[in-house]
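A.B. asks: Before I ask anything, here is the structure I am working with.
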Amino acid sequence: MVITLPKLKYALNALSPHISEETLNFHYNKHHAGYVNKLNTLIKDTPFAEKSLLDIVKESSGAIFNNAAQIWNHTFYWDSMGPDCGGEPHGEIKEKIQEDFGSFNNFKEQFSNILCGHFGSGWGWLALNNNNKLVILQTHDAGNPIKDNTGIPILTCDIWEHAYYIDYRNDRASYVKAWWNLVNWNFANENLKKAMKK
């Protein structure tokens with residue numbers, strides 16, 4: 001089974017001005033595509049060549065895991081954002097955030113602090129844990145909650161420097177602030193609904 005680069009659900013300029021076309025082009029067509037190409041090279045003629053991407057993420061380690069997880073994480077990140085998104089949450093995710101964090105503003109502040117305070121490269125996640133509570137998680141490098149079994153991902157934000165350096169240089173806080181204008185709450189609601197059924 002050849003791993004392919006998932007198609008973006010919006011144009012490269014669709015997230016502008018918050019994330020520029022130049023950033024998205026490099027991030028998607030160079031970084032994300034690079035992980036796909038590298039993984040296919042690494043798994044050729046191994047048992048992983050017959051497995052799905054998700055199974056590779058769950059079962060692998062080392063370079064194979066790093067590339068597989070980065071493919072999965074990036075696809076989830078693209079889907080966590082969209083044009084004409086952002087603003088306040090709605091539907092079940094709004095109610096669940098209020099239940100588990102007290103208010104959307106509390107959640108937004110806590111999540112932003114985690115994203116801005118994370119040392120080095122990694123990811124910030126909103127996830128549903130084993131007690132059916134929403135939690136904020138941070139993972140280093142290619143890590144994710146699926147591999148760590150710490151929760152079911154609901155949303156993610158990429159905090160590797162390549163996600164924001166063209167647009168914001170070393171100002172991660174401005175990138176995080178801009179990211180809130182792109183959050184796809186419909187995607188979060190879909191993930192929450194599926195996660196609550198498990």
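Positions of Cβ are set from backbone N, Cα and C atoms, glycine also.
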A.B. asks: Per Swiss-Prot, which one of His74, His90 shares the Fe cation site with His27, Asp158, His162?
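C.D. replies: That Fe cation site, as Swiss-Prot gives it, pairs His27, Asp158, His162 with His74.
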A.B. asks: Out of His27, His74, His162, which of the binding-site residues is least crowded by other Cβ atoms within 10 Å?
C.D. replies: His162
